[in-house]
Amino acid sequence: MATSPKRGLVLVADDDPTMRLLMLEMLAQVGLDAIEAEDGVKALACYHSVAPDLVLLDVDMPGMDGFSVCREIRRLETQASVPIIMVTGGDELESVTRAYEAGATDFVSKPINWPILGHRVLYVLRASDAISRLRIADAQHRAVLAAIPDTFFRMNKDGYYLDYEQGHEASSVFSTERCVGHHLSQVLPADIAGHMLEQVQTVLDTQHIRSLDYELPLPGPAPRVRQGEHPAPRPVRHFEARLVATGPDEVLGLVRDISERKRSEEQIRRLAYCDSLTGIPNRQAFLETLEAELARSRKANKKFAVLFMDLDAFKRINDTLGHDVGDHLLKAVSERLRETTRPGDLISRTEAATNLARLGGDEFTILIPDLERVEDALNVAHRVKEAMRRPFLLDAHEIFVTASIGISLYPEDGEDCNSLLKYADTAMYHAKNCGKNNAKLYSSSLTMQIMSHVKLEVGLRKALQNDELYLLYQPQIDVASAQITGFEALVRWRHPERGVISPTEFIPLAEETGLIVPIGEWVLRTACQQAMAWQTAGKPPVRVAVNLSAKQFKDENLMQIVLSVLHDTGLPAELLELELTEGTLMDDARATMATLEQLRGIGVYLSIDDFGTGYSSMNYLKRFDVRALKIDKSFISGLPLDSENAAITRAIIAMAHGLKMAVVAEGVETDAQLVLLEQYGCDMVQGYYLGHPSPPDTIHRMLASQTALAMT
Ligand SMILES: Nc1nc2c(ncn2[C@@H]2O[C@@H]3COP(=O)(O)O[C@H]4[C@@H](O)[C@H](n5cnc6c(=O)[nH]c(N)nc65)O[C@@H]4COP(=O)(O)O[C@H]3[C@H]2O)c(=O)[nH]1
C-alpha cells in the first residue's frame with residue numbers, strides 16, 4: 001500500500017498492545033509517525049523527551065490514567081498547547097466531560113472507527129496548526145499596536161465603539177471606559193461625530209481607507225478672563241483619524257495626535273506668508289487671499305475692491321536718510337495701515353491682517369470684501385491717505401509722506417486676480433500722475449485714457465521731425481524799473497488732428513517715455529537761437545528762461561548739451577536761465593548738488609520753478625545756491641483777498657531775500673496783485689497782466705517798443 005509523506009509525530013499511549021498496533025497502522029496510513037507508551041507514566045516521560053505534535057491518550061491505563069496524564073501535560077505546557085485526543089471507553093457523557101475538563105482537545109470513543117481515525121487525527125492537527133498561527137498573528141498585531149503611539153478603536157457601522165485602546169503617546173482625551181459600548185455622539189462633539197460617522201459609512205461602502213482631521217479642546221477648565229479683556233482662545237489639540245474597514249460592518253480607527261505637526265506647519269506657513277520686515281502678509285499670502293475672495297464673491301454674488309498703495313517719496317527718504325530709516329518707515333506705515341484697516345473699518349468678516357499685505361518695496365495692498373458701494377472703497381482710501389499724511393517720528397526725524405492709491409473693483413474691472421491687481425496698480429500710477437497724494441479708481445474710462453495716451457505717444461515721437469513743436473515766450477518784468485528782463489520759453493504742440501496741445505498734457509508723457517530729452521534739447525536750442533536773433537536785430541540783451549524737467553536734469557549728457565547749444569548759438573551763458581522744480585531738485589539731493597555746481601560753473605542762471613507746491617528742505621535750499629525763486633501762481637491767484645496766501649507769499653519773499661535769491665511771482669493777472677507784490681518787495685513778475693505767452697514776432701515788437709520808450 002502506498003503511504004502518504006510523513007506529516008507529524010503522534011504519541012500513542014494505551015496499555016493494550018493490540019490497540020497501539022492498530023493505531024500506529026492507521027496513523028501510518030495517513031503519513032503520520034508515531035511512538036508508543038504503554039502506560040500513563042511512560043506517556044509523560046515520552047512527551048517530555050520527544051515533544052510530539054499530537055497525543056492520542058487512552059483514558060484507562062494502569063498507574064496513571066489518561067485524565068491525569070492530560071492534566072499534567074497541560075500543567076507543564078509553557079506556550080503552545082499540544083492537541084490531545086482522549087480515547088474514552090464509551091460514549092458516556094461523564095468521561096467526555098472529564099476529558100474536556102482535563103484539557104483534552106477532542107475525543108474518540110471505543111469501539112474505534114478505525115478507517116477514519118487517521119483522518120480525525122489529521123484534522124485535529126490542522127486545526128491546532130491554524131490556532132497556533134492565529135495566536136502568533138494576534139501576538140504580532142498586539143506588538144505592532146503597542147509599538148505605535150496612536151490610539152486605536154473598533155467601531156461598528158452604527159457608530160458604537162466596540163473597543164478603545166489609548167495610544168501610549170496620545171494626550172489623554174478620553175478613557176476606554178468612556179468609549180467602549182458608547183456611541184460616537186456621546187464621546188465627541190456633535191459636528192465631529194457626524195463627520196466621522198459619515199466617513200465610517202463611506203469606508204464600509206467603498207472598503208477604502210479614509211481619514212479626517214479634527215480638533216478638541218484640551219481637557220481642563222477654560223482660561224480665566226480678566227475684566228475688560230478678550231477671552232484668550234482655548235487651547236486645542238489636533239487629531240487625525242484614519243479609518244479602515246475590517247469587515248462588512250466594522251471599522252478599525254487609528255487616531256494620532258498631530259498637534260506638533262500642525263504647529264510646525266503653522267510656523268512654516270507663517271514664515272512663507274509673512275513679510276519679514278513688517279510682519280504683515282506678503283505678496284503670496286495676498287494672492288491666495290485674493291483668490292479665495294474671488295471664489296467666495298463669485299459664489300455669493302458679492303463685490304470687493306483691491307486698493308494698491310504706493311508711498312510718493314519713499315525713494316527720496318531712503319536716499320537721503322538711509323535704508324535703516326526707510327525700513328523703520330515701512331514698519332510704521334504698515335502699523336498705521338493695520339490700525340486704519342481694522343475689520344470694523346472694512347466692513348469685513350475676516351481678520352484684517354489677511355486683507356492687508358506688503359507686496360514689496362513701498363507697495364501695499366488692501367482687500368475690501370463685501371463692498372456695497374464704490375464710495376466705501378474711496379472712503380477707506382481717503383482714510384489711508386489721511387493716516388499717511390500724519391508725520392512719522394522716526395529716529396529723531398520727523399518724516400512727511402503721502403500716498404497714491406489705485407482702486408480696482410470686482411466684478412466691474414476684472415474677473416481674475418491678476419487683472420484686478422494690475423488694474424489697481426495702473427490706477428495707482430494714474431493717481432501719481434494726477435499729482436500724487438491721490439486715490440483713483442480704475443475704470444474703463446481709464447483704459448480709454450490709456451489708449452489715447454498710447455496714440456498721443458506715437459504722435460509725439462513724430463512731432464519733432466514733422467516740425468509740429470513751436471515756442472511761445474512770456475515776458476518777465478522787473479518790478480522796480482518796469483523793464484522786461486527776460487522771457488520764459490513755453491513749448492506748444494500743433495497736433496495735425498487735435499490742434500494745439502498744452503504742455504501740461506504732453507510734457508508728462510514726454511517725461512514718461514524719455515522723449516523729453518530730444519524735445520528739451522530742441523527747446524533749449526530754439527530758445528537760445530531766438531534770444532540771439534533778437535540781440536542781433538538790435539534789441540537789448542534779455543535772458544531767456546527754459547524749463548528743465550527732472551529727466552533732463554538727470555541726463556548724463558546735460559552739461560554737454562548746454563555747452564554745445566551755447567557754443568552753437570553764441571548766447572552768453574548768463575543770458576540762459578534754467579528753471580527747475582522743487583521736486584527735481586529734491587529727488588536726489590546729493591546728485592543735484594553736483595549737477596548744479598557744474599551748471600553754475602559755466603555761468604548759467606538757475607531758478608526754482610513753482611516754488612511752494614513741492615517739498616523743499618531749507619537746509620538743501622541754502623546749499624543749492626540758486627539765483628531766483630519763482631512763487632507758484634496758485635499762491636498769487638487769490639491775492640490780494642486771500643490773507644493766508646498773502647502771508648505765505650510775503651514769507652517766501654522774505655525767506656528768499658534772506659538766502660540772497662531774487663523772487664519772481666508767476667501768474668500775475670491783475671493790477672492789485674502787482675501792487676501788493678511790489679509792496680512785499682517782489683523783484684520780478686510774470687503773468688497775463690504783463691503779457692501772455694506770445695510768438696517771437698510779438699515779442700520782437702514788445703522789445704522794440706520798450707527800446708523806443710527808453711530812448712524817449
Ligand atoms: N493762469 C495763468 N497762467 C499763466 C499766467 N501767466 C502764465 N501762465 C501759464 O503758467 C505756466 C507757467 O509755466 P510753468 O510754471 O513753467 O509750467 C509749465 C512747465 O512746467 C511746462 N512746460 C512748458 N514748456 C516746457 C518746456 O519747454 N519744457 C519743459 N520741461 N516743460 C515745459 O508746462 C507748464 C505749463 O505751461 P503753459 O501751459 O505754457 O503754462 C505756463 C503759462 O502759460 C497767468 O497770468 N495766469
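Cβ from N, Cα, C; glycine included.
All TrEMBL annotations are machine predictions without curation.
Annotated in TrEMBL:
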- 9-125: domain 'Response regulatory' (DOMAIN)
- 302-444: domain 'GGDEF' (DOMAIN)
- 453-707: domain 'EAL' (DOMAIN)
- ASP58: 4-aspartylphosphate (MOD_RES)
Residues of the domain 'GGDEF' (302-444) by DSSP state, where helix covers H, G and I: 68 helix, 36 strand, 39 coil
For the residue listed as '4-aspartylphosphate', the number of other Cβ atoms found within 10 Å of its own Cβ: 26
The domain 'Response regulatory' (9-125): DSSP-derived helix, strand, coil residue counts: 57 helix, 24 strand, 36 coil
Mean predicted confidence [pLDDT] for the domain 'GGDEF' (302-444): 85
